[in-house]
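S.K.: Submitted below is the structure of interest, expressed as structure tokens.
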């Protein structure tokens, strides 16, 4: 589908999309500023992300409804990545960081890597999101209290603040707590969608009333920490020398954004009922960050809360998010004087509530009940998010997901024995532990055969011991690759059987698997007469192998010498 066809406007959806875009702008202007504060940069950097990244993302993502904007997770990760920079260097570093994030996301999309996200376990993602939610709450403490700690780790910042509680600014604390109370109060009314903006407006007014009294202007305002321009800044180029320093953080942040975006795409199908192409969503998010980076915007990604706001407000097409970005421009540049009066404590209170409501309590409770492995993975990722830089925490989570996947797959393997019943249906049961002399044993493997399951397969194969002349038949239906570790196990077992005059046979072998067996020497070891091709008829190859084993056993019995002490002729 071309860009023009994607953007074709329908007069019937124009009004709902305008309403949805305006609603998003009103609700999320304060959150965009708060997320920039979370990243420890000028609050306007969050607004630039809404103005530029959101419309660009709306045009290029595969998802019709996905809102590409600021998120708490991306902001926390960006703040950690930029912590070593100060002043003008931090602005240059932010531009370089977001450009690299966009480039990595675009590359992932063009390489069609969207399906890789499904390998990240739900338990790991829940632990990671919970950790980020707590970090958002902890990151709000300085603005909530007015106490500036010299600690860099958020847990230590809270501890230091408690130790220096006498230095907490009362006015700042009152404004912050008032914001939290006001948000919760408005969320219990019919004005719930506008709770953030109404609470922010009310606390801003309260801050101005405080300023009328002696020492009532101690609480910091947005204008005290940054000037808000009256227009978009001129685009700037990144400092190329900073790119190597920020490569690992950029990779981690890109991954966080893509994982969040994949969650949005799978939660909101397109109007035709189909779920969007995850790789194309990657492309859209990458282009959004590439477009917004030169303006000094913080990283953007698929936002679950932003998407929920636009959809619930009546969004029908991509134009809802395009209008949302345009409305942010209008609101900010028309009301810039009012925006500068917002107390930083109010943004801190807003962040605290957002963090608290981001914790997936019900999901975490469900995972806790699922099993020990899932619960352990969730807790490990939660602690990693709190204790490690987020770019490493997400990589830890991805690695843990793959490890869990391998462990689960390797533990699912089970060897089953099939007993053929004359004139009846085959009976399946647990595999015998040891072989009897001249036995014909038919075995089926349940579960994936690969390197991690090889040892479990070897442990479950019946022990050969002193059994002579036994034939073991392994069915290979639905197996097209064994891997070198599994083949080594089968070679050892085949050698053991042959030393005792027995045989290992493989039934249901398809052409691809046969070529692998040929390359690895298994065909030469077993002999082609002990490998039976897969047949269209269910069970045909298995019956053929059993028949060959019986014939072999009969020939061996016929060749055996007569017992001593027989009757003389």
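All residue numbers here begin at 1 and follow the chain in the order shown.
Glycine is no exception: its Cβ is also placed from the backbone N, Cα and C atoms.
Those TrEMBL annotations? Automatic predictions, nothing curated.
The model shown is predicted, which means the values in this text are computed figures rather than measured ones.
These came from TrEMBL, pasted as-is:
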type	residues	note
DOMAIN	440-549	domain 'STAS'
TRANSMEM	47-66	transmembrane segment
TRANSMEM	93-111	transmembrane segment
TRANSMEM	123-142	transmembrane segment
TRANSMEM	193-213	transmembrane segment
TRANSMEM	240-259	transmembrane segment
TRANSMEM	319-336	transmembrane segment
TRANSMEM	342-361	transmembrane segment
TRANSMEM	373-404	transmembrane segment
S.K.: With the transmembrane segment (47-66) as the reference, which stretch in 93-111, 123-142, 193-213, 319-336, 373-404 has the largest tally of C-beta pairs below 8 Å?
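M.R.: Result: 319-336.
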S.K.: Should the transmembrane segment (240-259) and the transmembrane segment (342-361) be scored as in contact, given a threshold of at least 3 Cβ pairs under 8 Å and pairs 6 or more apart?
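M.R.: With fewer than 3 qualifying Cβ pairs, these stretches do not touch.
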S.K.: When only pairs 6 or more apart in sequence are counted, do the transmembrane segment (193-213) and the transmembrane segment (342-361) reach 3 or more Cβ pairs under 8 Å?
M.R.: yes
S.K.: Where among 123-142, 319-336, 342-361 do we find the most Cβ pairs under 8 Å to the transmembrane segment (373-404)?
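M.R.: Looking only at 123-142, 319-336, 342-361, the most contacts with the transmembrane segment (373-404) come from 123-142.
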S.K.: What residues in the same chain, six or more past the boundaries of the transmembrane segment (342-361), come closer than 8 Å to it by Cβ-Cβ distance?
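M.R.: For the transmembrane segment (342-361), the far contacts come to 30-31, 33-34, 37-38, 43, 72, 126, 129-130, 132-137, 139-144, 146, 172-173, 175-180, 183-184, 196, 199-200, 203-204, 207, 219-222, 224-225.
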S.K.: Using DSSP, how many residues of the domain 'STAS' (440-549) fall into helix, strand and coil, respectively?
M.R.: 54 helix, 23 strand, 33 coil
S.K.: Are there residues at least six beyond either end of the transmembrane segment (123-142) with Cβ under 8 Å to its Cβ atoms? List them, or say none.
M.R.: 38, 72-73, 76, 79, 148-149, 154-155, 157-158, 161, 176, 259, 263, 348-349, 351-352, 354-356, 358-360, 363-364, 367, 370, 374-375, 377-386, 390, 393-394, 397-398, 400-401, 404
S.K.: Please compute the mean pLDDT of the model over the domain 'STAS' (440-549).
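M.R.: A mean pLDDT of 89 is what the predicted model shows over the domain 'STAS' (440-549).
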